[in-house]
């Protein structure tokens with residue numbers, strides 16, 4: 001085994017500290033990344049869920065032979081659950097993106113991952129709830145739940161792309177470095 005000189009050992013010890021200092025300094029001097037404010041996120045969630053319910057309730061009733069009141073309960077219960085999950089998930093997702101990549105801009109690939117992770121997390125809660133409400137096995141409720149999930153996968157992708165174009169992430173405020181909105 002080769003022995004290190006004290007100079008080499010000292011430089012290895014100093015490297016992590018100086019590297020960490022450089023990273024910290026760079027992070028402090030990096031421009032702030034704009035993120036969405038609470039009012040914008042509330043608007044996003046409400047528009048998303050109301051438009052989706054207007055599509056899901058009549059379509060689901062027709063396709064699955066459920067009374068509109070049953071499909072309405074499933075749709076509204078799912079929407080309430082999804083609304084809470086949507087807000088929390090997107091706040092965390094944007095913060096992770098801002099921290100890791102210094103941007104909240106989502107490429108098509110990031111949008112696909114974003115949507116799949118969102119739906120997977122939501123299904124963990126919704127599938128057993130739908131089975132319970134319909135008094136069916138989880139396996140029987142699976143087709144309804146997955147049909148709704150597929151609809152929402154496509155819908156979320158399109159809705160979020162359109163929403164980001166109509167309501168772009170606010171630019172950073174030049175004086176404070178904080179995001180507007």
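Glycine is no exception: its Cβ is also placed from the backbone N, Cα and C atoms.
Mean pLDDT for the domain 'Chlorhexidine efflux transporter' (36-99) in the predicted structure: 92. Here TrEMBL flags 36-99 (among others) as domain 'Chlorhexidine efflux transporter'.
TrEMBL lists 106-168 (among others) with the feature domain 'Chlorhexidine efflux transporter'. As a summary of secondary structure, the domain 'Chlorhexidine efflux transporter' (106-168) carries 56 helix, 0 strand, 7 coil according to DSSP.
Look at TrEMBL and you will find 1-22 tagged as signal peptide.
Annotated transmembrane segment per TrEMBL: 46-66 (among others), in sequence order.
The list of residues near the transmembrane segment (73-92) in space but at least 6 beyond its ends in sequence, with Cβ under 8 angstroms from a Cβ of it, reads 36, 41-42, 44-45, 48-49, 52-53, 56-57, 60, 66, 117-118, 121-122, 125-126, 129-130, 133-134, 144, 148, 152. Feature annotation from TrEMBL assigns transmembrane segment to 73-92 (among others).
Annotation source TrEMBL lists transmembrane segment at 112-134 (among others).
Annotation comment: TrEMBL describes 141-163 (among others) as transmembrane segment. For the transmembrane segment (141-163), same-chain residues at least 6 beyond its ends with a Cβ under 8 Å from one of its own Cβ atoms are 44, 47-48, 51-52, 55-56, 59-60, 63-64, 74, 78, 82, 106, 111-112, 114-116, 118-119, 122-123, 126-127, 130-131, 134.
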Subject >> Surrounding residues of the transmembrane segment (112-134) on its own chain - C-beta under 8 Å, 6+ positions past either end >> reply: 70, 73-74, 77-78, 81-82, 85-86, 89, 93, 106, 140-142, 144-145, 148-149, 152-153, 156-157, 160
